[in-house]
Amino acid sequence: MQLPDDFLVKMKDLLNEEFEPFITTYNDKQTNGLRLNTLKIKKEDFLNLTSFALKQIPWVDVGFYYNHEERPGKHPYHEAGLYYIQEPSAMAVVEVMTPQPGEKILDLSAAPGGKTTHIAQYMKQQGLLVANDIHPSRARILSQNVERMGIRNAVVTNETPERLAKRFPSFFDRILVDAPCSGEGMFRKNPLACDEWSLNYVEACARRQKNILDQACQMLKTEGQLVYSTCTFSPEENEQLINQFVKDHPNFEIERIDVYDQFSSGRSHWVDGPVKGIEHTIRLWPHHIKGEGHFIAVLRKNGAREQHKYKQLRPIKNKNRLKDYLTFAKENLRTIPKGTFILFGDDLYIVPSEMILMDHLKVIRPGWHLGTNKKNRFQPSHALALSLKANEVKHHVNFSSDSHDILAYLKGEAFRVQGENGWNLITVDGYSLGWGKLSNQLMKNHFPKGLRWMS
Ligand SMILES: C[S@@+](CC[C@H](N)C(=O)[O-])C[C@H]1O[C@@H](n2cnc3c(N)ncnc32)[C@H](O)[C@@H]1O
């Protein structure tokens with residue numbers, strides 16, 4: 001592959017004798033990974049179920065290398081959200097972060113959602129996860145991935161870091177800035193990134209990253225954790241940026257990270273006047289591990305606790321507005337989901353109880369979407385289907401992943417089947433895929449039109 005000349009000169013100068021092993025990795029194929037979604041399936045259950053030839057990724061218990069030819073992205077299990085396709089090094093970030101159930105966490109530059117969906121697994125549906133992306137179309141894809149993975153406690157926004165910082169001062173326990181970067185670590189995976197790259201682009205990315213971090217740190221509670229990551233090698237976007245950040249914000253310190261012994265230390269000799277702990281940042285190098293290039297820094301905010309008043313959500317008070325939902329839930333679900341209900345137009349959501357007022361923010365998904373109020377009836381959402389297990393509904397129809405029926409369902413076809421009239425959860429090998437509505441043995445297909453398989 002043709003790498004930019006300036007990039008080669010710079011990397012040779014930085015890496016010296018390490019340059020040869022580094023550059024040789026560009027002759028290898030990119031690495032492919034998938035991460036199991038533990039919100040839906042246990043590792044041992046998936047390994048019993050799947051026919052994919054998987055190999056363990058050493059730094060992620062539920063992460064696996066797969067063979068590209070097997071195309072797991074085109075399998076019904078992918079539609080069922082049993083896994084997320086994610087580059088193996090990218091999986092290290094949330095392993096380092098170790099989010100906890102019940103926390104308030106912000107993923108500030110989150111699309112398409114690799115790390116958001118990984119954070120959600122650690123949170124086990126408890127607490128608040130705000131997943132944001134500045135680009136509208138990318139924020140929509142992020143929202144779809146949150147839905148596919150069956151996440152109940154996420155709010156998806158499409159905002160600038162500045163506007164979020166005004167709304168959420170000192171609010172979050174953890175913030176992830178998986179920064180937009182020059183992407184040098186992904187040249188093997190995405191050769192188009194080479195065309196965009198230049199020395200000036202690296203400088204521009206570093207300026208943007210500084211701005212994002214300056215906003216992010218305002219939203220973090222005292223004692224909170226700020227994780228910064230990139231998929232690029234340039235010191236300007238990594239050690240130098242973090243070094244300057246700590247100099248500018250002396251209430252932040254860099255924490256030591258121990259996840260996997262083949263990860264390398266950040267390079268203190270690539271910065272002027274290294275701050276304490278800069279060597280605790282970590283680098284993932286393609287000549288040391290089976291994965292692409294990545295950088296991770298974990299920072300802790302110190303100092304006195306700040307007090308802020310946040311405007312509270314205004315949940316539905318009038319139970320009459322939940323009437324159709326409750327009728328649906330009693331008829332179709334074994335336990336009725338409860339929580340803080342809000343209506344966005346005719347769409348009913350349960351919002352994580354830790355969330356504050358969302359007015360005047362661009363919100364794509366204000367919580368767990370239950371469904372839509374139609375005239376005197378409630379239509380359950382795809383998000384509800386994908387977050388339910390077969391034993392949580394009264395009626396379900398199961399097909400095996402290699403059956404013709406499952407393909408017909410994913411293509412949007414209606415089908416004949418024996419069963420109970422009304423809403424049925426359609427499952428693949430026991431895992432939810434979407435809704436169907438049965439009437440006189442004909443199952444009307446409610447798999448969303450925009451997600452249907454073409455052929
Ligand atoms: C490296 S990608 C994030 C990948 C994502 N965290 C994941 O794991 O799937 C960086 C993201 O930053 C977003 N971005 C670009 N400019 C931004 C800005 N000024 N503030 C916040 N996010 C920005 C991009 O839209 C992009 O989706």
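Here the Cβ of each residue, glycine as well, is placed from N, Cα and C on the backbone.
A TrEMBL annotation is a machine prediction, not a hand-curated record.
If you check TrEMBL, you get these features:
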- Cys231: active site, nucleophile (ACT_SITE)
- Ser109, Ala110, Ala111, Pro112, Gly113, Gly114, Lys115, Asp133, Asp178: S-adenosyl-L-methionine binding site (BINDING)
- 11-302: domain 'SAM-dependent MTase RsmB/NOP-type' (DOMAIN)
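Excluding Ser109, Ala110, Ala111, Pro112, Gly113, Gly114, Lys115, Asp133, Asp178, which define the S-adenosyl-L-methionine site, the same chain contributes Asp107, Thr116, Ala131, Arg138, Leu142 within 8 Å (Cβ to the Cβ centroid), listed in sequence order.
Sequence-distant contacts of the residue listed as 'active site, nucleophile', defined as residues of its own chain at least six apart whose C-beta falls under 8 angstroms from its C-beta, comprise Glu87, Ser89, Ala90, Cys181, Gly183, Glu184, Gly185, Met186, Glu292, Gly293, His294, Phe295. Counting only residues at least six positions away in the same chain, the Cβ atoms of Asn132, Asp133, Ile134, Val177, Asp178, Ala179, Pro180, Ile212 sit under 8 Å from the Cβ of Ser109 (S-adenosyl-L-methionine binding site). Restricting the average to the domain 'SAM-dependent MTase RsmB/NOP-type' (11-302) gives a pLDDT of 97. Gly113 (S-adenosyl-L-methionine binding site) has a Cβ environment of 29 other Cβ atoms inside 10 Å. Sequence-distant neighbours of Ala111 (S-adenosyl-L-methionine binding site) (same chain, 6+ residues apart, CB-CB distance under 8 A): Asp133, His135, Arg138, Ala139, Ile141, Leu142.
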